[in-house]
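The structure is given below, and queries will be raised subsequently.
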Amino acid sequence: MEPRRMADSLRYVLMGTGPFAVPSFEAIRQQMDSTGDQIARVFVRPLPPVKSRGGPPPQPVREWAESHGLPVDAPASINDPETIASLTELNADLLVVCDYGQILKPDALQSARLGGINLHGSLLPAYRGAAPVQRALLSGDRETGVSVIHMTPRLDGGPIVASRTTPIRDDETSGELEVRLSEIGVDATREAIGLLRTIESLDSHGPLGEPQDPAKVSKAPRLSKAEAQIDWSATGREIDCLVRGMQPWPVAFTHTVVNENKPPLRVAIRGVRTETYAADASNIGRVMEHEGLAIGCGDGQVVIERLQPAGKKEMSGLDFKRGHRLTAGQQLIAP
């Protein structure tokens with residue numbers, strides 16, 4: 001028997017797969033006793049085929065839902081007729097979508113009385129797409145945030161109902177920033193739900209939120225491994241942003257020549273700091289005079305603090321320098 005619902009309570013369908021969604025979904029679950037709200041079902045992406053090594057990749061939303069006894073569904077397409085029929089039968093008031101991985105078409109959005117809201121990891125309309133957190137770091141942005149939009153069929157294109165802004169820390173990686181933004185997103189999601197709770201129907205209320213400015217739209221496509229290769233002619237800050245933006249995946253890398261008689265060695269770069277001065281272009285990619293492992297770049301040098309050679313454990317730049325007996329002036333970076 002379902003618990004009695006209050007007059008302004010909401011019946012949710014949650015849609016998400018990755019870790020970014022979990023804090024906001026958990027906040028919704030925790031307030032059900034006080035609000036009379038209900039979670040009708042949780043939709044996640046289907047599990048991919050299991051590869052020969054290891055099990056299926058983690059699905060934090062699935063794990064969270066199952067740990068709390070919530071019903072879970074994983075249709076191949078949220079927009080196929082059978083799934084739409086199932087959604088409609090749930091008689092939901094609101095879809096809450098975050099880190100799901102499928103674009104909802106009009107029939108899916110119209111299955112709930114109030115449509116859907118989506119928590120996105122950027123200050124829209126900047127960085128629409130799959131990698132907003134990473135793209136903000138790679139672009140050298142000093143601040144970012146989260147946005148909650150009232151959903152339309154256009155990817156991340158709906159009007160903004162709530163947002164929160166935060167500075168990007170100088171030493172923050174994409175993984176660390178994403179965790180922090182997921183927590184900041186809880187408050188923005190609550191604000192958006194609070195607004196929708198007072199609405200009887202979308203037809204009677206009219207447009208929700210502030211339309212996005214088309215002139216300020218930028219894209220945030222998925223990262224590729226090729227993008228992670230370091231260009232040592234770039235500035236130190238650009239290299240630092242690349243290293244932080246590419247963690248935890250795909251991880252920035254370079255090819256080093258530690259032995260002229262062997263092929264270049266691929267090395268993952270996991271932590272750097274920069275030292276800027278009037279640079280000499282002839283030093284780009286060379287080992288610099290420094291107590292640690294410093295490499296010449298476009299505007300000075302980058303000190304490599306942590307790295308991981310292919311097939312080896314992570315180590316300090318200094319240990320790598322000592323182990324390969326690198327000397328100042330040596331051309332370390334393969335062209």
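Cβ from N, Cα, C; glycine included.
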From 43-62, 203-222, which range did Swiss-Prot mark with region 'Disordered'?
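From Swiss-Prot, the annotated region 'Disordered' range turns out to be 203-222.
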So among the binding-site residues L123, L124, who's got the most Cβ atoms within 10 Å?
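Per the Cβ count within 10 Å, the most buried is L124.
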Other than S122, L123, L124, P125 themselves, what residues in this chain have Cβ atoms within 8 Å of the centroid of the (6S)-5,6,7,8-tetrahydrofolate site's Cβ atoms?
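Checked against the 8 Å cutoff, the neighbours are H120, A126, Y127, R128, P132, G145, S147, D156, I160, S163, Q212.
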Hey, which of the binding-site residues S122, P125 is the loneliest by Cβ count within 10 Å?
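Across S122, P125, these binding-site residues, the one with fewest Cβ atoms within 10 Å is P125.
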Translate the DSSP assignment of S122 ((6S)-5,6,7,8-tetrahydrofolate binding site) into the three-state scheme.
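In three-state terms, S122 ((6S)-5,6,7,8-tetrahydrofolate binding site) counts as coil.
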How many helix, strand and coil residues does the region 'Disordered' (203-222) contain under DSSP?
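Per-class counts: 6 helix, 2 strand, 12 coil.
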